[in-house]
There are 2 protein chains.
Amino acid sequence: MSVGEFQLIQEYFAKELSAFGVNLGIGDDCALLTVPEGRQLAVSMDTLVGGVHFPKNADPELIAERAVRVCVSDLAAMGAEPLWFTLGLTMPSSESNWLSGFSRGLFKAASEYNISLVGGDTTSGPLAITLQVHGSVLPDKALQRCNARVGDVIFVTGNLGDGAAALAVIKKEFEVGKSAFAYLMSRYYTPKARIREGQLLTKIGHAAIDVSDGLLADLGHICKASGVAAVIEAERLPISDPVKKLCDPDTAMTWALTGGDDYELCFTIPPSRLRVFEDLQAKYNFDCTAIGEIVSGDGVSCLSEGRVVLPPKSAGYEHF
Amino acid sequence: MSVGEFQLIQEYFAKELSAFGVNLGIGDDCALLTVPEGRQLAVSMDTLVGGVHFPKNADPELIAERAVRVCVSDLAAMGAEPLWFTLGLTMPSSESNWLSGFSRGLFKAASEYNISLVGGDTTSGPLAITLQVHGSVLPDKALQRCNARVGDVIFVTGNLGDGAAALAVIKKEFEVGKSAFAYLMSRYYTPKARIREGQLLTKIGHAAIDVSDGLLADLGHICKASGVAAVIEAERLPISDPVKKLCDPDTAMTWALTGGDDYELCFTIPPSRLRVFEDLQAKYNFDCTAIGEIVSGDGVSCLSEGRVVLPPKSAGYEHF
């Protein structure tokens, strides 16, 4: 069944949430919002195109969940608190089954991060989703890319390479058992935006970024913005058991270094705050691994058994 | 020549403007922004799809100009002051000629409205543009759709029907002379967002909306949100000379009532403030026409020579 634009918005997207600071939500020319007093607004936009960023025939519930999580991950990487999001949804037709699944996934993820849909646009065209997330952060507390300093220890949350492994499995390049399949699909479609970790880091961390284009590329952005270099140790890269079982160690390392779609945080902590950070880790069950150090120079080097492993050619996803 | 994503952003989009409240612009996980103290944030998102909302082979400079103007028009309709915008740009390939034109048009319109590009996303896929504009407005001063009251006089700025006429000319359904062609193309590709008018109206207006889907549909939104009806007089509809010359009066009236893409403001003024409004009109050269009145009931009726003209079947553009 096909539904009209206004009915569509009413039925699938105009959900009242008792959201902080929403003076006027969906349904007027603009949404009207009040940013918490004394805080800066943090905004980030992501576009996900059908057939490019996700399979066109993927479950709409998963597409929507993933879109929200991927975009909220940018708030996590700044240490921001999620507030609101807007949705630009373009689709070839308006099928109620598809929309109902999409809406379910959207609000499932949104309620997990306590972020409210306040506006957007629905248009007819090739399937694509643009989300903008809005959060708040205390002035001078955001985890900017330019804040890494020589001597900082480099950490990543969770595991790396799961996103790339999942894509390889989706493309049927590898076969896996049922539980590994479930693990990888959940890592790909429902990545966990590290909101809590980002917020804890605003107290002690220097720089942070979320790993969306691959560790080498994303850590490279920190290095470039901060005017420093990074040395990481291949043996320390946190790789999940399903990925270790799926492929040879070189492939796993390549996925961990250059695969995108992990949405873990890569961040740096100054040596003077490592003790405090250890306390935080223990107290909050903060899942992360030290993988290297910020040094002077430029670029990212990866060492294995003391020798430089040349980064593979394709160092991070570029859209063009 | 094709250019990579990071180079593309640097070259075409990372323009430093000395913008109010931009603590961190393009290049990190989020932009960091400070909303002027004591004001609400007004946000609106618009998606324009190639082949649906504009011809795919249209001049990229005009596509970008139009996108900014169309989206800023939503700020005008709230009476908000423009601050920042974000851009989600999806394109099949990254051609430097195309990008250079697009960037030129984007910043031309942006500087006209003093609105700064602070972030976004560039992706590969079918041509589409999503913009989000951000503005500010004093609490309780925004021109909400729900504020129309029985007895209000209904006005529109500028002329109606130019957008529809321009599209008919683009589709070669009508032929026009050189100067009419130039007028209609400028009305279609570089519509004037009525920012100044919207801001003046925050002092005395009740409800407002920008005419993007057609007057009947858009005034209908005001009526529905306010729980009132509207009666407008066909003879009062402001129609430009080029449109009058282009077609018969019935077609012109249909375009004025149901054509979209005019981006004029439709607004209501309570009778008690008409005198003050007349002073404003004179002082600021405020180009608008009274076209009818808010009455009790529901729906929008159009009278011609005292008789109800049934609204044509297609009352406003619906995307699905």
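Here the Cβ of each residue, glycine as well, is placed from N, Cα and C on the backbone.
Automatic, uncurated: that is what TrEMBL annotation is.
According to TrEMBL, the features are:
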DOMAIN    B:27-136  domain 'PurM-like N-terminal'
BINDING   B:D29, B:S44, B:D74  Mg(2+) 4 binding site
BINDING   B:D29, B:D74, B:D210  Mg(2+) 3 binding site
BINDING   B:D46, B:D121  Mg(2+) 1 binding site
BINDING   B:D46, B:D74  Mg(2+) 2 binding site
BINDING   B:H53, B:D261, B:Y317  substrate binding site
BINDING   B:G120, B:D121, B:R145, B:S212  ATP binding site
DOMAIN    B:149-300  domain 'PurM-like C-terminal'
BINDING   B:D213  Mg(2+) 5 binding site
Entry from the binding-site residues list B:D210, B:D213, B:D261 having the most other CB atoms no farther than 10 A: B:D210
From binding-site residues B:H53, B:D121, B:D213, the one whose Cα lies nearest B:D29 (Mg(2+) 4 binding site): B:D121
Secondary structure composition of the domain 'PurM-like N-terminal' (B:27-136) [DSSP: H/G/I, E/B, coil]: 36 helix, 45 strand, 29 coil
For B:H53 (substrate binding site), the one of B:D74, B:D121, B:R145, B:D213 that lies nearest, given that the binding-site residues are compared by Cα: B:D213
Binding-site residues satisfying Cβ distance under 8 Å to any chain A Cβ, from B:S44, B:D74, B:D210, B:D213: B:S44, B:D74, B:D210
Of the binding-site residues listed as B:S44, B:G120, B:D261, the one whose CA lies nearest the CA of B:D210 (Mg(2+) 3 binding site): B:D261
For the binding-site residues B:S44, B:S212, the one whose C-beta sees the most other C-beta atoms within 10 angstroms: B:S44
Secondary-structure category, per DSSP, in which B:R145 (ATP binding site) falls: helix
Cα-to-Cα gap, B:G120 (ATP binding site) vs B:D74 (Mg(2+) 4 binding site), nearest whole Å: 19
Site of maximum Cβ density within 10 Å, from binding-site residues B:D46, B:H53, B:D74, B:G120, B:D121: B:D74
In the chain carrying B:R145 (ATP binding site), residues 6 or more apart in sequence that have Cβ under 8 angstroms from it: B:A207, B:A208, B:I209, B:H221, B:I222, B:A225, B:S226
Inter-residue Cα distance where the pair is B:D74 (Mg(2+) 4 binding site) and B:D121 (Mg(2+) 1 binding site), in Å: 21
B:S212 (ATP binding site): secondary structure state under DSSP, collapsed to three categories: coil
Neighbouring binding-site residues, C-alpha within 10 angstroms of B:D261 (substrate binding site) - of B:S44, B:D46, B:S212, B:D213: B:S212, B:D213
Taking residues B:G120, B:D121, B:R145, B:S212, which bind ATP in the record, the widest Cα spacing (Å, whole number): 31
Of the binding-site residues listed as B:D74, B:S212, B:D213, the one whose CA lies nearest the CA of B:D46 (Mg(2+) 1 binding site): B:D74
